[in-house]
Amino acid sequence: MESNNVVLLDFSGSSFGMRLRIALALKGIKYEAKEENLSDKSPLLLEMNPVHKKIPILIHNGKPICESLNILEYIDEVWHEKCPLLPSDPYQRSQARFWANYIDNKIYSTGRRVWSGKGEDQEEAKKEFIEIFKTLEGELGNKTYFGGDNLGFVDVALVPFTSWFYSYETCANFSIEAECRKLVVWQNCMENERVSKSLPHPHKIYDFVLELKHKLGLA
């Protein structure tokens, strides 16, 4: 493992933090992980991200980098020698950024409505959720990974949300696998040891969701 002055402020259930753990693992970067309590944010978090006051934050040589896709690009640029995530071709790179942004703009907010919603709103959220993943299946096509033959930027941006699939399905009583078989095959291709070890067990995420629903009065 390469030794660097790298700190990751994170929360174990955060899909946005998981993608950074994956990237650092793939590139063999040694780092210090600091778990944040989102109900009682640390002085370090507030100092390092005074604008948004949220995780994840990568601190490299004392300097903070915020927003997960921005951090993901930073990691790829600084440690570009091993396991490059973004393509070298400018057009392909622009497409990878487009789909990563699509993932960020769509999945988290719709997924939250899936696990927290009720009645018609939840049913509508489920339909939107499946449509999002069918759109992603269309982009994946017959490729092994979104970028082709090698695991890349879009894969790392998306795969953390699979650890939430059990929670989505259990809370809303539906099957993602039944609706999106191609995505499940892709998910199985992501059983890279460095990827899987960077993701929490789905039941741990479900326990977190139940706790969150209780706090929000949704249980």
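The backbone N, Cα and C atoms fix where each Cβ goes, glycine too.
Note that the coordinates shown come from a computational prediction; the quantities given were computed from them, not determined experimentally.
Swiss-Prot lists Ser14, Lys41, Ile55, Glu67, Ser68 with the feature glutathione binding site. The Cβ of Ser68 (glutathione binding site) lies under 8 Å from the Cβ of Phe16, Gly17, Arg19, Leu20, Pro56, Asp104, each of which sits 6+ residues away along the same chain.
What Swiss-Prot lists as domain 'GST N-terminal' is 4-83. The average pLDDT the prediction assigns to the domain 'GST N-terminal' (4-83) is 96.
The domain 'GST C-terminal' annotation in Swiss-Prot covers 89-208.
In the three-state DSSP reading, Ser68 (glutathione binding site) counts as helix.
The Cβ of Lys41 (glutathione binding site) has 15 other Cβ atoms within 10 Å, all protein chains considered.
Long-range Cβ neighbours of Ile55 (glutathione binding site) (same chain, at least 6 residues apart, Cβ-Cβ under 8 Å): Leu9, Asp10, Phe11, Ser14, Phe16, Gly17, Glu36, Leu38, Leu45, Asn49.
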